[in-house]
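Here's the structure, in structure tokens; my notes come after.
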Amino acid sequence: MKLKVSHLNFSYDDVEALEDVSLDVESTQILGIIGPNGSGKTTLLKCINRKLRPRYGTILIDTKNISNFSRKEIARNIGVVPQVSSISFSFLVSDIVSMGRYAYLSRFGRETEKDLSAVKSSLELTGTAHLSNRFINEISGGEYQRVIIARALAQESKILLLDEPTLHLDINHQIEILELVRSLARKRNLAVIMVLHDLNLSARFADRLLLLNKGRVYKAGSVEEVLQPENIEKVFRIKVKIIRDTETNILSVLPVSVMKG
Amino acid sequence: MKQKIILSVLCTVLFLTLLSTLTIGPVHIPIKTVAKILLSKIYNIQATWPENFQSIILFVRFPRILLGILVGCALSVSGCAMQGMFRNPMADSYVCGIASGGAFGASLVIISGMGRGLIMPVAFGFSLLAIFIVYYLAKTGRKVPVETLLLSGIAISLFFSALTSFIHYISEEWQWREMIFWIMGGLWKSDWNRVASSSPIIILGTLGLMFFSRELNILLIGEEQAQDLGVEVEKTRKIILVLSALVASSAVAVSGIIGFVGLIIPHTMRLIIGPDHRFLLPASCLAGGIFLVWVDTISRTLISPSELPVGIITALFGVPFFLFLLRRRKKIIGF
């Protein structure tokens, strides 16, 4: 399975937000999207699942153009994990995950055996089965985000979009969530597009990176290709050193100083 | 499980309410006699009760109590759906102009000297007109921002209230007395005709709303996430708005403006049964009926043989109780 986005253009009223953005991502792959604030990362995700209608450009899932898909069809094909927010209403965790099945239910129908088993396996895969009878507004931030990932899995889509899934989480939960996403991509054959603010985390968990600058693709390719000091300096206006730890082989970005002028 | 128990308790309470309030009034009629009179309509039972008991029960109290159940249910179900759909605890059908539109329509018919029979349909029509003006004022592009909707609702309400006040100002005293019914709201004009004319829309609309429980739950989580999960947000909102408007307008057309029910009952039920609309809507519906019937019973017996407008009692009893709940369990409501 392959998601292919070509020549996407989007503008808010007359402010150009995305210009000629193309990308593709295949099953089991994680594409990381990085870029400064306002570079169009979230807008790009919203265009991909058509919450925003791009002015032009096409989005293909394999050979199917999704531009005429209904919202339910989109939800069956693309799952979304939004930025860590919170739900202040006392729904049970199992109710929240069941909401992922909405796209499969008819108005007068009830949940079938298939829906229940999809919910159950999503809870198990994300390690949230033990929370299913807890209230969503009474669990921790890390648990919450795992539940939201479970909800997206219950959609049984082949594409997963994540918008800064680790924002506001502590370092332990950041790694935990991203390791979960990586293992799910492999186990469930998901094509994942993930917006990440943290360059170190994106270096570590993405298979490929796409660097956005002012709504345009500045550089796309392997992690090593994109995380070159000159790319980062140009886009983020900051001097960095890129270091590879010899023991763990983990690449990291060390900010040195903000560039003047 | 817990929710199902609460719902069956509410069903039982509603039934008991119906039976016991039939006995209450200037003339006390024992519950056995009430039961016999009701059953005599279905089975052949020898009449052992005074003639006037029969007409009090069948033509005065029974339609009034049924209308109370219908109106209470309509107001709280539509309030509940609107709060959920707009994720706003202040939303109810009155805020969106339905009440003041209806009162204006009724006043217009009364002062113009058109037939009484026109009051209900015209009030109904103006309620709907008001909410659709509000909706289209708030609409920007394909979206309807909640804040704009509530603000334009308040503005249109004030506008219709001003028109109604003007009509009152230039009306004769007897007309003015008639109009007061709409402003204060009440069930003292209940008859079978009102029950029959309001029940189809209220019952069908309420059932219709219940088929949108899933969407209401998802909308409560947030608009963006609702879209991600496959909900057509704008379309769904429009349908829920139309259903709520129909239900609430029917209630206003037969009982005038009865405030607070649409606000207090759904919030109270949210505290008791939780935010899940699959249970919350039926619970609000039942509790709204129970509440309004008891409040109406108080209003017709407190200063008997005269009566108080029911809106005064809903506020006097409902608000302190509601505030008590709110202060005790503030965070559980969730808005």
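Even glycines carry a Cβ here, placed using N, Cα and C.
TrEMBL entries are annotated by machine, without manual review.
Going by TrEMBL, these are the annotated features:
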- B:6-31: transmembrane segment (TRANSMEM)
- B:65-86: transmembrane segment (TRANSMEM)
- B:92-111: transmembrane segment (TRANSMEM)
- B:118-138: transmembrane segment (TRANSMEM)
- B:150-171: transmembrane segment (TRANSMEM)
- B:239-265: transmembrane segment (TRANSMEM)
- B:277-295: transmembrane segment (TRANSMEM)
- B:307-326: transmembrane segment (TRANSMEM)
In contact by Cβ distance (the transmembrane segment (B:92-111), the transmembrane segment (B:277-295); 3 or more pairs under 8 Å): no
Range from B:92-111, B:118-138, B:150-171, B:239-265, B:307-326 with most C-beta pairs under 8 A to the transmembrane segment (B:65-86): B:239-265
Beyond the flanks of the transmembrane segment (B:307-326) by 6 or more, those residues with Cβ under 8 Å of it: 184-188, 257-261, 263-264, 267-268, 271, 291-292, 295-296, 298-300, 333
Sequence-remote partners of the transmembrane segment (B:150-171) [C-beta within less than 8 Å, at least six residues beyond its ends]: 86, 88, 90-91, 94-97, 99-101, 103-104, 107-108, 110-111, 126, 130-131, 133-134, 137-138, 179, 183
